[in-house]
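Record features, source TrEMBL:
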TRANSMEM  70-90  transmembrane segment
TRANSMEM  102-123  transmembrane segment
TRANSMEM  248-268  transmembrane segment
TRANSMEM  298-318  transmembrane segment
TRANSMEM  330-351  transmembrane segment
TRANSMEM  371-391  transmembrane segment
TRANSMEM  449-476  transmembrane segment
TRANSMEM  482-502  transmembrane segment
TRANSMEM  514-531  transmembrane segment
TRANSMEM  570-589  transmembrane segment
TRANSMEM  636-656  transmembrane segment
TRANSMEM  676-702  transmembrane segment
Amino acid sequence: PAEQLQHLQELFSSTVQEHTQLLAQVQGATLEPPELESRLGSLISRFQLYLREARAVCTQSWARFHPLRMVGGCILVATSCLLCYVASELATSSDSFYRSCLLYPLLWGLLGTALLGIAHIFTQEGLDLLLVLSWAAAASQMGFFWHWWGRHPKRARLAGSQPPLASSGLRQRLQAWLGLAFPMGILFFRCGAMFSDSFVVAEARVTPFLLASLVMLLVGKLHWDGRLTVPESPKQQLPGFSSYRREIWYLLCLVAALLVCVRLSGFFHQCREEIPQCRPSLFLSPLASLRSTRAKNLFYLLCVALLAGLVFAVRSWLRHYGNLNSSDPLVLFVRWGFPLLVLCIACYWAVASSTEDSLGKLQELVQVAVVAFPWAVYGLVSVGLLLLLCNPMTVFAKDTRESAGSIVTPYLGVPGSEVDFLHVIPQIYKRMQESQKSWLERGSCRATVAAYGLGSVYSAALVIALTLLGFLLMLLHSERMSFAFLLLFLEAFVLLHIHTCAKGLAGDAEPFSVPWYTVISWLLAASQFFYSTGHQPIFPAIHWNAAFVGFYLDHSTNLLPALLVGANTFASQILFAVGSPLLLLWPFVCEMSNLQKKKPRKESQEEMQEVEEHMMEMRLRESPEKFSTALLQLGLKYLFVLGTQLLACVCAAMILRRHLMVWKVFAPKFLFESLGFVVSSICLLLGISLVMRVDCAVSTWLSQLRLR
């Protein structure tokens with residue numbers, strides 16, 4: 001309350017002023033000891049009075065709730081989740097979806113906000129910003145559901161006039177519902193666990209179990225649908241291993257690798273004080289805490305080797321798909337900036353892990369290095385991200401009219417002999433004929449360009465961005481937590497391949513759609529690695545030392561340390577949210593989708609197959625509207641799963657507000673889940689925005705190519 005707060009401020013100000021006067025008199029030696037003791041006692045009593053009254057006000061506020069606002073907030077979050085689900089299902093149904101169901105409701109919300117603000121101004125009442133924003137969100141949601149309901153009865157009448165479904169159609173609908181029930185059931189169990197303090201305390205073990213269960217259910221569903229077996233011929237009647245498709249073994253290896261990653265991630269957990277028998281992971285402590293010099297050097301070499309291995313893996317992947325052939329600034333940065341980042345992080349770890357006794361006279365130099373190396377990493381990461389935003393193209397274009405190889409094959413005989421001329425001259429003449437023939441076949445002097453890396457240009461930008469963010473986040477953690485980040489990248493890679501393989505086995509007719517099980521498994525992995533990077537949803541488990549990476553002793557502002565601590569805490573949410581567009585792009589990169597088309601004539605079949613082999617992500621450019629709709633649908637599904645988890649935490653905190661463990665378990669969980677939702681939503685928008693930026697760059701590049 002404002003009156004009590006003003007009283008506390010006046011009491012505190014007067015007490016501090018009296019303390020300042022007393023301190024000045026003590027320094028001036030104008031007080032006798034008896035008078036000093038009495039005034040000190042009076043000052044202490046006034047400070048204690050302030051603390052007692054402040055505690056009484058806080059206790060009164062903590063025990064007072066606003067049930068009406070709580071219910072309104074729960075309804076608002078629930079309708080937001082419903083909006084995301086409905087919009088994700090409607091995104092592909094109509095071309096006018098953006099205007100009728102997204103743009104117009106947004107304008108309604110802004111109009112409602114303006115009207116409420118004007119009403120508050122004319123009535124001269126205090127403007128409750130939270131209430132105004134809530135009404136604006138409610139108005140926009142009402143506009144969305146109004147437009148949706150206006151189209152819904154038409155579909156219902158059309159469906160009612162149709163004849164009953166056949167058995168095959170009923171089976172397909174049943175399979176679709178079961179395909180949705182499995183991942184939604186896992187999500188329901190995940191949300192139901194939020195209402196139990198025991199499950200919240202043990203969530204570090206619950207989330208990996210749910211992730212493994214979802215993946216195993218996916219394999220079981222594929223087997224139930226008959227996607228893992230080949231159609232049996234009349235001669236082959238005995239069931240056996242030969243009846244299974246070859247891809248099943250690849251899928252089972254991926255599932256086994258995922259289970260291994262899930263198991264190994266349990267070695268990096270932080271403990272809660274509610275579990276007294278738990279022992280925190282040894283990997284959470286920095287290398288400077290190790291007493292054994294041999295163990296410290298061994299772990300240091302392993303951590304540096306891990307960084308170098310990550311750079312090697314990323315560069316190998318980019319080189320494999322042809323994204324390291326050009327001489328653009330971004331490609332040059334990947335070639336030389338990534339090793340420089342590893343060098344700076346390795347030097348910082350070497351300096352930070354050394355003990356003060358072993359430094360001697362180099363103490364001042366070490367203090368400079370502890371600040372300089374992290375700032376070098378910050379600078380390099382910022383430069384890399386700026387280059388990625390300015391020119392995200394990693395494509396190398398080459399005119400196919402140019403010679404692709406040597407004109408003649410080397411002659412291994414005696415040089416200068418007559419046989420040498422007989423070997424060289426026919427090859428030169430043949431090469432001239434081939435060049436002239438290819439020139440005439442093209443029909444004009446316009447060049448045919450071979451673009452290296454164009455088929456993976458979207459994924460390459462995301463992989464580069466994730467690598468830069470990974471280096472930054474590893475810097476903010478202790479040295480040995482780099483093993484946890486290795487598992488994070490490896491598990492994400494395995495999940496992408498499981499999604500691609502399952503989509504290829506299922507023969508999905510919608511290549512532009514990401515299934516629900518993929519989105520839920522991706523977010524379960526993000527929650528899993530929140531705990532596997534040494535965090536817990538409690539305040540004592542926050543890594544406050546991340547605020548001083550690159551700073552010595554103090555900060556001039558609270559904003560920068562808050563960003564550093566937040567990046568350290570929500571590292572897994574940041575990486576998985578930024579990399580979420582890979583769920584859409586990865587099947588195109590791997591070319592696992594089986595295109596079941598009618599075979600063309602034999603003459604053109606090979607040419608068509610050759611073109612399709614090199615299309616990859618350029619298939620997204622064939623239908624730009626479907627591409628943008630798929631990105632929107634992916635973002636809405638991601639927000640739906642995030643919002644459902646947040647809704648469960650909100651409802652748990654509201655229903656259990658009188659619970660004994662509310663301030664120990666449910667309230668901190670609600671705060672961490674809310675902050676994680678905000679961070680994930682922002683990073684999701686950044687990841688989708690990066691894909692859109694690459695798409696604009698590809699359009700510009702293609703338009704410039706046509707002008708040649």
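Even glycines carry a Cβ here, placed using N, Cα and C.
Spatially, the transmembrane segment (676-702) is not adjacent to the transmembrane segment (102-123); fewer than three Cβ-Cβ distances between them are under 8 Å for residues at least 6 apart in sequence. Contact count against the transmembrane segment (248-268) (Cβ pairs under 8 Å) is highest for 482-502, out of 70-90, 298-318, 330-351, 371-391, 482-502. Nonlocal intrachain contacts for the transmembrane segment (482-502), taken as residues 6+ away from its ends with a CB within less than 8 angstroms of a stretch CB, comprise 215, 218, 222, 247, 250-251, 254-255, 257-258, 261-262, 264-265, 268, 283, 302-303, 306-307, 309-310, 466, 470, 473-474, 514-515, 518, 521-522, 525, 529, 532-534, 571-572, 575-576, 579, 582-583, 586-587, 590, 592. Among 70-90, 298-318, 330-351, 636-656, 298-318 has the largest number of CB pairs under 8 A with the transmembrane segment (449-476). Remote same-chain partners of the transmembrane segment (371-391), defined as residues 6 or more beyond its termini with a Cβ less than 8 Å from a stretch Cβ, comprise 328-330, 333, 337, 340-341, 344-345, 347-348, 351, 461, 464-465, 468-469, 471-472, 475, 549-552, 690, 693, 697.
Counting Cβ pairs under 8 Å to the transmembrane segment (514-531), the stretch among 70-90, 298-318, 330-351, 570-589, 636-656 with the most such contacts is 570-589. Note: the stretches the transmembrane segment (70-90) and the transmembrane segment (636-656) are in contact (3+ CB pairs below 8 A, sequence gap of 6 or more).
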